[in-house]
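Annotated features in TrEMBL:
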{"type": "REGION", "residues": "1-62", "note": "region 'Disordered'"}
{"type": "COMPBIAS", "residues": "16-29", "note": "compositional bias 'Basic and acidic residues'"}
{"type": "DOMAIN", "residues": "86-173", "note": "domain 'S1 motif'"}
{"type": "DOMAIN", "residues": "189-254", "note": "domain 'S1 motif'"}
{"type": "DOMAIN", "residues": "277-340", "note": "domain 'S1 motif'"}
{"type": "DOMAIN", "residues": "449-518", "note": "domain 'S1 motif'"}
{"type": "DOMAIN", "residues": "538-607", "note": "domain 'S1 motif'"}
{"type": "DOMAIN", "residues": "626-697", "note": "domain 'S1 motif'"}
{"type": "DOMAIN", "residues": "719-788", "note": "domain 'S1 motif'"}
{"type": "DOMAIN", "residues": "1006-1081", "note": "domain 'S1 motif'"}
{"type": "DOMAIN", "residues": "1199-1267", "note": "domain 'S1 motif'"}
{"type": "DOMAIN", "residues": "1293-1365", "note": "domain 'S1 motif'"}
{"type": "REGION", "residues": "1384-1461", "note": "region 'Disordered'"}
{"type": "COMPBIAS", "residues": "1439-1452", "note": "compositional bias 'Basic and acidic residues'"}
{"type": "REGION", "residues": "1483-1520", "note": "region 'Disordered'"}
Amino acid sequence: MASMEEDFPRGGPAKKLTESKTKVERTEVDNLFQSNEQAETKKRKGAGKDADQKFKKPKTGTGDHLTLNAEAKCVEILHIKNLQEGTLLLGCVKEVTDFEVTVGLPCGMEGFLSIMNICDSYTKLLNEQLDSDDTEEICSLQHLFYPGMVLRCVLAKLDVRKEGSLSIQLSINPKLVNKALSSSSLKAGMALSGCVESVEDHGCIVDIGVSGTKAFLPKKAQENIPEELKVGQYLTFQVEGVKNDGRVVHLSVRPPTAVRACAESQQGWNLTNLLPGLLVQATIKKVTKHGLILQFLSSFTGQVDVLHMEPEQSYTEGNEVRACVLYVEPSTRLLGLSLRSYLVQPGARLEHAPAGGERIGEVVKDCKVVATHHMSGAMVVLPDKTLTFAHRNHLKEPNEPPTDNRVLAKTTHTCRILSFSPMDQIYFVSVRKSVVERRFHRYHDIQAGQLVEGTVSVLIEHGMVVHLSSHIKGLVPRTHLSDILLKNPERKYVPGMKIKCRVLSVDAEKKNLYLSRKKALVESSLPLFLSYADARPGLVSHGYVVSVKDFGCIVRFYNDVRGLVPLNELSSQPIINPEEMFYVGQVLKAKVLQCNPDKAKLVLSFKAAEGDAEEVANPQFDCEVGQRLEARIQKKSVTGLEVAILPDDIRAVIPTMHLSDHLSNCPLLLESMQEGDTISNLICFSKNKRNIAISKKPTVRWSLEQGVFAKNFSEVTVGMQLIGWIKNLMPYGVFVEFPYGLVGLAPKSAMTDKFISNTAIAFQPGQTVMAKVTNLDEEKQRFLVTLKISEVMCPEGDAQTRLINGLQERRAVAETLAVREDSDLRQQLAALIVGQKLKLTVDTVDSGARFKSDNLAGATIKATEDQVIGVELTSGQKVTAVVLHVDILSSCVHVSILPKLVAKKKSLAEGSKHTATVQHIDQDFATVSLGDTAQLTVIQTSSHLNEVFPSESDKLKAGMSLSVEVIEPRCQELQGLALVSWVFGSPKEHVSTFKHWASSRGHRFGDIVRGKVRAVKPASIQVTLEDGRTGSVHVSEVVELAEVRPGSFPTSTVQVGSEITARVIGGREVSTHRFLPFSHPKFKYNIPELTLIPSKLDENKDFKPVTPEEKINGYTVGEEVTCFVSKFNQKRKTLEVTTDPCVTMTVDLLGMITDPKYSSHPEKLYKIGQAVLAKVVEVNSDPISCTLSLTGVHQLEKGSVTLGVVTNIHPQFGVQVKLPFGNMGTVAVTDLSDAYRPTPFDAYSKDKLLRCFLLGNENGKWQLSLRPSRLYPQQSKPVKDLEVLSVDHLKEGKTIRGYVKSVGQHGVFIRLSTSITGRAQLQQCTKYLVKDDTVLSKHLPLNTLLTTKICSIDQEEGLVHLSLLPEDTGKPDVLPETLGLQLRPAGEEKKKNKKTTSVSKAATTKKKRAASESVQKQLESPITKKAKTDDNDSGVEVYFREEEDKSDKEPKSNSVKVTPSAAVPSRLQVAAGFSWDAHLSSLKPASAAQEGDSSDGEDQDHSNKPQKRSRHELQQEKKAAEKALVQRETELMDPSLRPQDAAAFERLILGSPNSSLLWLQYMAHHLQATQIEQARAVAERALKTISFREEQEKLNVWVALLNLENMYGSEESLKVVFERAQQFCEPMPVYQQLADIYAKSNKTKEAEGLYKTMVKRFRQNKAVWLSYGTFLLQQGQSDGATVLLQRALKSLPTKESVDVIAKFAQLEFRYGDPEKGRTMFDKVLTSYPKRTDLWSVFLDLMFKHGSQKEVRALFDRVIALSVSVKKIKFFFKRYLEYEKKHGTPQTIQAVKEKAVEFVEARGNEAAN
């Protein structure tokens, strides 16, 4: 009570005590500001010496901000323009999203609280969780805040939006909110706000933002909090106790007391630490029309605006009231208070939404203004008696002056409700006519299908943002920017452009609005389908394609209404591949066929709406059925592959089902193939008028090559067996198709030996089958076949061969995907084999188990329930598993952990029988385990091509038992798995067993045999044995390894026909026919692998076979081995070598060569069969492989030089290089050369081979250098740009060059070396006055080469400060003069006035606070992005205000400079040599005008304060205007000025109607805006306008029109233009121009067809033949050019022959084979030796393409010619010049001696 009486005194004596206490407090406050006052008055002009005098003059004006809480002259609401950073506000949460909280502020304002502005502990928690990729513990904003929550916040930043409005960025960080509090100022009873810093066992540590103070909230004090506290949670607390001088504070949370306790004087509140939300007991000091002036806490004054007075309550001076602090403005000491009951009464709660429901956006008529407040606004009553408020800006139009009389003159108004303010609990309305009549105020006002007008805001990656109003924006997706996909949309759309759009869809709740600019949709007059109910059958509407599938097109309309156009409804002509005809985004008319609104299903038709399509052209046919082919993939689809048969590029198709005999492999093979790949082992099985069909089925290929086929019906006979495939399934049987297009029917009764009721379950379309002809119908030419296994002969070995082929196909798919995608996971999965053991960790256990492995991160590893039986598993347990199957497409590995499978494997014996158990089924293949041997292998699920499974019980299932016989224990084709035959559910005679093959395997291991050498090859020797069999001797088994000399060929020591004694060391199948599905006679033979090494022929020595695994594992890294070259893989650029018949190892390109000149043909260094010495680089046991090196080293060492291949060029990091032995390295931009180049990366391209110096290894990556001083230290050439290894090597005052690393607000960062980066501050960069770093970043892109001067060096921090100023570097300024920038004024620091000083200090403080954050952003984003043009930097304002001050002394120049080059921005530059051959994207826009910055945000304020200008200023403005007018007239008279619009072009055309260049520029103007039809119209006008005498000008226009049609038109439109051009111009140039257009646009077929026509029509024209020859050689068709030359010589006159041959020879030098060109010249000059002109041409070409030896030999031939002496002198002169340039003193002397000999020989003739 004592404290209460002391704070709120009653009676006389207490009042005196209060006054004395007030004086003490006021003195404290005065002293608090005294230091500031003294500091500032020192810099102010005319400031008083005594700071106390300021307080004695209260009438010093509003500009003096240091008056202690002076009362406001006029009470007004808080305006956003008066807000400053640091203002404390009370707010109410309106909306919470994932990353931002919308907060309602007093006086109808709205702010935004970012997730990064909560508190330091919450920000730290976010960063930690994001770094660990674990978001489980992150507490989202929805858990910390809720609508209606009251917050104390501080204004952190005022952002300026693009439209000029201000955005308030808030913070509730206690360090900012409680910034003014200190440890000593904390008192018990204070109500503070803070955020939970950490949650402890006995309570929470709370961040209250006071330095040196720890605040603790005990658990017992949290009883009033319903939920558990979380880190970052905002709460209002009451200080219970203060200990240790404020270092420890105890808090409590009791809502009735903590939130509603009144602040008291003894709590130490003053103007610096007063907080919003505090309740105070105040006295009304003054009552005004617009609000109240209150006095509280004895000495403080605050204001209550009209919005925070209780309505219908009267206030009188002297009354005591309870008030709540709303806001505190620290600089002006303005305090805002509220008397509203919901803020001051205990238990009251704020409503964040109006009670009567949502009315925002509603337009209300008959509203009455009941009171006006000049500086604030007006109170408006709606017809339903709801009281609202209209801000003063919304009582008038934006450009009108404010007048209260006009508002009051009208009795009623029409208003639009704008928003609801939760802090003021009132609606804000607008009576602006423009706002009331606005078409759209909210997203709810917009409907799909509407036509709307908007303004282009910005172009982004996904499309274009369009503003329909200031706060409603929509997105035009990239595919909807135009009817065609725009590559450069920025050329058509510029910010600020007004456009018309059609609304596609709108989601008002999520504020998502999608628009379309497609002309067909915007201008469509057809009915709109806004819902499925609108789409009635028979209606036609415009829609756009969103997806193209093989079964049709999906078309979308509005509001996500979409339908399907089936394949048969796409066009009247059959379409195989819809992707060829339609594309995503295409607008088409569609007719509704069926619609079911309930199921949202819609079936459409293009055919019914559009009519018939064009006919498909017939392809060319030049191949025969049965011919083995090679083809290149051109297009891939689900149905198959479109290929081009090599080498003639004949079009053909490979159906998907024809990729393999195993249907399950077909989609896998299709997935692994890409466009551009080459496929071999193909065969043509059918051709007709439409297309050529090709198959990759090995069985079909075998049947065609072996002659097992019938070409037509007449060759079909009863009993004939044919290979075919299932074409169609019918209820009565299946149709089987055979090669040559023959089709037979297998009736239902002849399909299988078992009865089947449904033909669909027996076979699959595309399945390969063996059929036997049973019946012929000669009359109808039809035949029947049977597919029964009992009637079709079963060949031996077929099942095993098909199994091997199928598994090899799968392995090829896995390897292809692994290599192509360059995925570590795919490569690891491809290396896994069945039966391999893995170490795994149990992840989850649920009806089976899932595992994880560090080596297979990202893969799904699982075991079924059957594979974990009897094993107890727990999460995290380590287990050993065995691989059952690997699905590389889905990255899934099936494993088993059964003990019998993971046990130690037992060896298998050939011919042994076992009971096998099926462990896993994968379509055509099954994995089985062989008894108790722990061995796994793979079998086929069917043992015969025709085998069917009518019921599920007939199929193989996991867990079934089979009887198997081992044929081969370790089959190399099965990756070491056993090859077995099995019996299940079929008679033994129906199962392929391989027994005959096993019984006739020939010789055994270790047998001694004799024979005769039949053939000697570099890598092997073929031997005919005594029993007639053929054996093979590998190159490594000819002589003893110790006797092999490097570079020798061991097989060359053996002669053909010699008798030899050998020993069998192994065997292999006949490799000439890899696939033998039938009982082929050669299939029984096994070629024995022999050895001739004498030490191995001794039968007494123990001779055991060595497996490839044992051989490879016996090698150690670094060991030197002797190996033999096997082959060079051109595609992978690797060399394959062997050390043993069964061991193949690889050598990478970088391990083969040491000189880059051998990189193009490294295979020339090594011959097949050659012995080489290699070092082992790497040995892998899983999978078994070995990598070698032939360069003599096997690892990289620091300081050495090696070769590398460029893999990538990154502008920021440098050149990334692949090094030998699997290493990677990076070359920084400063290490590329000893002399820096302006474009450092131009000399490097991907796959280029380089010599690199190894600087060092960091984190497994090598740092490299390409400096010649490092690579060739012995060649002492001067180094222009020295290598800077440390800061110690730098000296102040020296100039040094470097590359720009980044440009930011802190300056230009310049890379001086790999580890040293210098900085040039903005004022040290240019002599011009720049607003920010935007201009510099535009003119100094990344890696710009600059010369700098070292200003200073900080040795401790390692910082280098640089200067780019011209006076320091001696170089021109980094910014060009053409920008028209203002020079930086000298001595600007001395002329700062009071206002400048305060603004400058504020800017400095603001920049210091953001320094660390800005530098961090600079480092994180080294590539500087384009800064916003509307940046509001107070530092820039200093310069502007200084310029204003200077206007008193200097004449004020015009604020906007108009330069001739920038006055009218040019969209397109068309030079005199303009080419229409390039695509539209290559057209370059001219330099755009420099747009001045505008500051719309302050227009309103300046309009209220007009400044009177002097007569001198008015004269200067008049002169500037006249000068600008003269410049504009000069520009219009300038003929070189680029026109910008159609009117300008029309004006120029009137003056020069015959100028084709002008017409082409006009066409380009339209094309740049994608106005294709307008461009065509301009071309047609040009052809009519240009005089008929100007033939070349007309031809130029025709060529432009041909280019236009080629790029944007169809084949028909191009053909029409071409035919017209021939009629009006000479045909020959038109043909030539069109051929050039085709060639440059890569339309090779069209160009070749046109050239063929030209050489027939213009066969007497030499230029045509030369042009055609040039084209062929450019396409690489050297043979075709040779044939063409022969045709040309026959067609042209004989006198032209020599010149034609010479021209073709020149073309060979330029585009073809120089050797061939030289041969042609030799032949011509041999026949015509006196053609010295040809000798000169030949010499010029040899200078470029020949060696010095060849050039000298040619000169010697020339000077020996029998021609005139004058001509020989000419050649001697050239000979001497050549030797002076390329030769030596000896060769020069030799030429002179030859000249003397010539003179002596010719005598007087030479002398003359």
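Including glycine, each Cβ sits where the backbone N, Cα and C put it.
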Counting by DSSP secondary structure, give me helix, strand and coil numbers for the domain 'S1 motif' (719-788).
9 helix, 35 strand, 26 coil
Over the domain 'S1 motif' (449-518), what is the model's average pLDDT?
89
For the domain 'S1 motif' (277-340): best-contacting stretch of 86-173, 189-254, 449-518, by Cβ pairs under 8 Å
86-173
Counting a contact as 3 or more Cβ pairs under 8 Å, with residues at least 6 apart in sequence, do the domain 'S1 motif' (189-254) and the domain 'S1 motif' (86-173) touch?
yes
Please list, for the domain 'S1 motif' (86-173), how many residues fall into helix, strand and coil according to DSSP.
22 helix, 36 strand, 30 coil
Secondary structure split (DSSP) over the domain 'S1 motif' (189-254) reads 4 helix, 34 strand, 28 coil
May I have the DSSP-based helix, strand and coil counts for the residues of the domain 'S1 motif' (538-607)?
7 helix, 35 strand, 28 coil
Just to be sure I understand, if DSSP states are collapsed into helix, strand and coil, how many residues of the domain 'S1 motif' (1199-1267) fall in each?
6 helix, 34 strand, 29 coil
The domain 'S1 motif' (1293-1365) - residue tally per DSSP class, helix then strand then coil:
9 helix, 35 strand, 29 coil
Mind tallying the domain 'S1 motif' (277-340) by DSSP state, helix then strand then coil?
3 helix, 37 strand, 24 coil
